[in-house]
Amino acid sequence: MSTKVKKCREPARVTLPAPEEEEDGEAEGGESQRRRRGWRGVNGGLEPPCPRAPPSPGPDASSEGSPSRWRTAGMRDKGRRQAVRGPAFMFGARGPSLTAEEERFLDAAEYGNIPVVRKMLEESRTLNVNCVDYMGQNALQLAVGNEHLEVTELLLKKENLARIGDALLLAISKGYVRIVEAILGHPGFAASRRLTLSPCEQELRDDDFYAYDEDGTRFSPDITPIILAAHCHKYEVVHLLLLKGARIERPHDYFCRCSDCAEKQRLDAFSHSRSRINAYKGLASPAYLSLSSEDPVLTALELSNELAKLANIEKEFKNDYRKLSMQCKDFVVGVLDLCRDSEEVEAILNGDLESAEPLERHGHKASLSRVKLAIKYEVKKFVAHPNCQQQLLTIWYENLSGLREQTIAIKCLVVLVVALGLPFLAIGYWIAPCSRLGKILRSPFMKFVAHAASFIIFLGLLVFNASDRFEGITTLPNITVIDYPKQIFRVKTTQFTWTEMLIMVWVLGMMWSECKELWLEGPREYIVQLWNVLDFGMLSIFIAAFTARFLAFLQATKAQQYVDSHVQESDLSEVTLPPEVQYFTYARDKWLPSDPQIISEGLYAIAVVLSFSRIAYILPANESFGPLQISLGRTVKDIFKFMVLFIMVFLAFMIGMFILYSYYLGAKVNPAFTTVEESFKTLFWSIFGLSEVTSVVLKYDHKFIENIGYVLYGIYNVTMVVVLLNMLIAMINSSYQEIEDDSDVEWKFARSKLWLSYFDDGKTLPPPFSLVPSPKSFVYFIMRITNFSKCRRRRLQKDLELGMGNSKSRLNLFTQSNSRVFESHSFNSILNQPTRYQQIMKRLIKRYVLKAQVDKENDEVNEGELKEIKQDISSLRYELLEDKSQATEELAILIHKLSEKLNPSVLRCE
């Protein structure tokens, strides 16, 4: 970096201000001005400083040619000198001595004395326009910092003006739009990529264009003008810079290993991370999102998700990234809040041209791509916004407009009718899918009711299947009951009842629906939704249970076939059967633990529990139960987090107590802690107060072991019951309070997720009716085959036309070329016209920018306005004084001329 600092050979001469300056009020505090301008604190502050030359770069720096290393070494040496000289010389040793002319020039630039600045720039030949004060600021920086537009314009006309980039950054940070326009008009910004390169990159290329002083830049070296404007939310400045071609480059992926990222990471990892955050701050700024993107809503949603991921990756900057992610989400909500009609709401929620048209005209459903994306990225305030909810509610009651205004009793009656008449409705839909009945059944609300009714019937079958055992069973585990003497007992126990057959049909129907959903969404999107994982797990367990039951039935049937073909006696108790056949005649108490029927019954019980837990899936549809279901889900997450610490403590005490008492098997009051299994049981049930204190007592007089057992058992109970369980209760209470504080948003977000699962085409008929293909499915299948064959024919025809193209005449080619040119021009004219979605988005962004500007004006501090008025008055004062001096001179000349005419004789004598 060029320092522009020369070594002082002799003290500069002190020059007092001229009398005219005293008349103008500049003599006030002249001595303090000289001290402020870089005069050393010696002899009353009248001795000029003698700055030292900058340190010469070492051989390493010269060999590598790295200005940043040279600057780092120079700053290190300067820091040592300042530490030696003390804080009184913090700034005194940096700037060169100023002449009286330069000091007057800097004062005039700082206080907006336009006449003096203009006069000195036009008349003085010795003036250095790049002279700096004790803080290292030149006249341009002082004028911009005090918002003197006229002075800035005068200075920008001078050639070889330094630090124009820093003046631009200063004007942007203070929001001086007119000064920014003036600076951007300077020829210095005509250079290629002047606005896109960061100050650090610019410094490595040529000069100190963005430098504040010889020590570096005013802001972070990676801050470009447009990044700074975006940070400060200056909409007008961002617009100006975008028109000049400035853009914010999106940082590379965090795990990017390109040469550029690797080099930056190696040189300074902290600066690299800060530069990424500064870039993301600019990208996430509402000003930049509004003015730079063709689809600000989509850009903000994707950027919020990217920032949320970075918050989990870069833990050290977690709060910064989360704040930026929330800023993007608030921007999307702010744009949605400015919608004034359904067309604008539909445009934002759908995000394409087709959805921007009224739905009734086209007769197709909205895609709701932006809503799905917001749900995926958990932009809850956007989904729960009244404008979005009103549109979703309209789609929810599609083709059922009258039902929306009905009471809850009427809606419950509709649900009951649908549940009872579900088979007949399914038959009607199979016969006439495009009739009025078919349209009603395709309504999202009716699909939800049909699926809910089908699942309730499924749960009813599960209950009814166990109803014969509600009051107990007559057949004890050690008793066998058969229908005839030669019957194998297991044949009777493994037979499927009609309710179990219906349950199997329902399970197959639900499995078919899950497979179709998995095919349409893909494995990754399918697994993301936990309810899908629960459904798939539940159905898999059901299938495993029925498979094990079927295997047991096959084995029992084979045994029965053996008896029927080989045994002639009528009573099996009098016959000696092979062991593999005899086993199937035993009562339940003699079955093996690995028996397929026992495994089937255990899996079936687990599947039933999961089936009833799936009722929570439909609870968000109700305003009363929805928040409770959300709190329950959050509680389950807290329990899983708690289990990590719980298992660690539990295993430590379980192994320790087992090691302590494993040698005393049979020598204790009870078998607690003598085996790993007993240790687990004792410690687990002690959490609920169901274990005895005598679990650590020995029959022998080994008090040392017994006392250690008492101590460990007591510490375990205090740790688990008093500390960890209360910690879990506090976590659950905190999670519930978070849901309760924002219950409306959480509930509407969960309800919207439920609604969207029924908005897409398909899933009209619930299981098990979905197993039977409708005639509409065959029609769609035939249409797909037809379209595929047509596309193939078109490809063949196109290939033939391309092959025959060489045999065409020149006249035909000329005609075709003209027609193609005309078509291309017309097509381009169509492309240049903004789409309906772009027009709507333009209106919304314009409202957003206007609202942001109004809010900013209302939030501005009065001190800033008073300072601006004070500076304007100061500039006006100098102009009035200049006008006064000019008027005085003109009056003196006029009086002199009059005196010459009136007294010619006196003049001759003189």
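Backbone N, Cα and C define each Cβ position, glycine as well.
Annotation source Swiss-Prot lists topological domain 'Cytoplasmic' at 1-448 (among others).
The compositional bias 'Acidic residues' annotation in Swiss-Prot covers 19-29.
Among the features that Swiss-Prot reports, compositional bias 'Low complexity' is placed at 59-68.
When averaged over the repeat 'ANK 1' (100-129), pLDDT in the model lands at 89. Sequence annotations record features per position, and here Swiss-Prot assigns repeat 'ANK 1' to 100-129.
Sorting the repeat 'ANK 2' (135-164) by DSSP state (H, G, I as helix; E, B as strand; all else coil) yields 16 helix, 1 strand, 13 coil. For 135-164, the entry in Swiss-Prot reads repeat 'ANK 2', with the evidence type sequence analysis.
Here Swiss-Prot flags Glu147, Asp872 as Ca(2+) 1 binding site, drawing on similarity to another entry. The local packing around Glu147 (Ca(2+) 1 binding site), expressed as other Cβ atoms within 10 Å of its Cβ over all shown chains, amounts to 20.
Remote same-chain partners of the repeat 'ANK 3' (166-192), defined as residues 6 or more beyond its termini with a Cβ less than 8 Å from a stretch Cβ, comprise 140-141, 144-145, 147, 149, 152-153, 156, 209-212, 217-219, 223, 225, 228-229, 232, 234, 236-237, 240-241, 244. The repeat 'ANK 3' annotation in Swiss-Prot covers 166-192.
Below 8 angstroms of C-beta separation, residues 165, 168-169, 172-173, 175, 177, 180-181, 184, 189, 195-200, 203, 271, 274-275, 278-279, 281-283, 285-288, 290-292, 849, 852-853, 856 of the same chain, each at least six residues beyond the ends of the repeat 'ANK 4' (221-250), sit close to that stretch. Look at Swiss-Prot and you will find 221-250 tagged as repeat 'ANK 4'.
If you look at the transmembrane segment (449-466), the same-chain residues 6 or more away from its ends with a CB under 8 A from one of its CBs are 414-415, 418-419, 422, 425, 441, 497, 499-500, 502-503, 506, 510, 608, 611-612, 614-615, 618, 758, 763-769. Annotation comment: Swiss-Prot describes 449-466 (among others) as transmembrane segment.
Through the fold, the topological domain 'Extracellular' (467-497) approaches residues 504, 549, 552-553, 555-557, 559-560, 563-564, 567, 570-572, 581, 584-589, 597 of its own chain, all at least 6 residues removed from its boundaries and within a Cβ separation under 8 Å. What Swiss-Prot records for 467-497 (among others) is topological domain 'Extracellular', and it gives similarity to another entry as the kind of evidence.
Positions annotated as transmembrane segment by Swiss-Prot, on the basis of similarity to another entry: 498-516 (among others). Long-range contacts of the transmembrane segment (498-516) within the same chain: residues 454, 457-458, 461-462, 464-465, 532, 535-536, 539, 542-543, 546, 762-763, 766-771, each at least 6 residues beyond the stretch ends and with a Cβ under 8 Å from a Cβ of the stretch.
Outside the topological domain 'Cytoplasmic' (517-529), and at least 6 residues removed from its termini, the chain residues within Cβ reach (under 8 Å) are 376, 762. Residues or ranges marked as topological domain 'Cytoplasmic' in Swiss-Prot (evidence: similarity to another entry): 517-529 (among others).
Beyond the ends of the transmembrane segment (530-551), by six or more residues, the same chain brings 494, 496, 500, 503-504, 507, 510-511, 514, 517-518, 596-597, 599-601, 603-604, 606-607, 610-611, 613-614, 617 to within a C-beta distance below 8 angstroms of the stretch. Annotated transmembrane segment per Swiss-Prot: 530-551 (among others), in sequence order.
Sequence-distant contacts of the topological domain 'Extracellular' (552-595) (same chain, six or more residues past either end, CB-CB distance under 8 Å): 477-480, 485-491, 493-496. The annotation topological domain 'Extracellular' is assigned in Swiss-Prot to 552-595 (among others).
Taken from Swiss-Prot, the feature transmembrane segment covers 596-619 (among others).
The feature topological domain 'Cytoplasmic' is assigned by Swiss-Prot to 620-638 (among others), with similarity to another entry given as support.
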Cβ-Cβ under 8 Å with the transmembrane segment (596-619): same-chain residues at least 6 beyond its ends:
448, 452, 455, 458-459, 462, 490, 493-494, 531, 534-535, 537-538, 541-542, 544-549, 551-552, 555, 625-626, 628-629, 632-633, 754
Long-range neighbours of the topological domain 'Extracellular' (663-702), counting only residues six or more past its ends (CB under 8 A):
650, 653-655, 657, 709-710, 713, 716-717, 720-721, 725
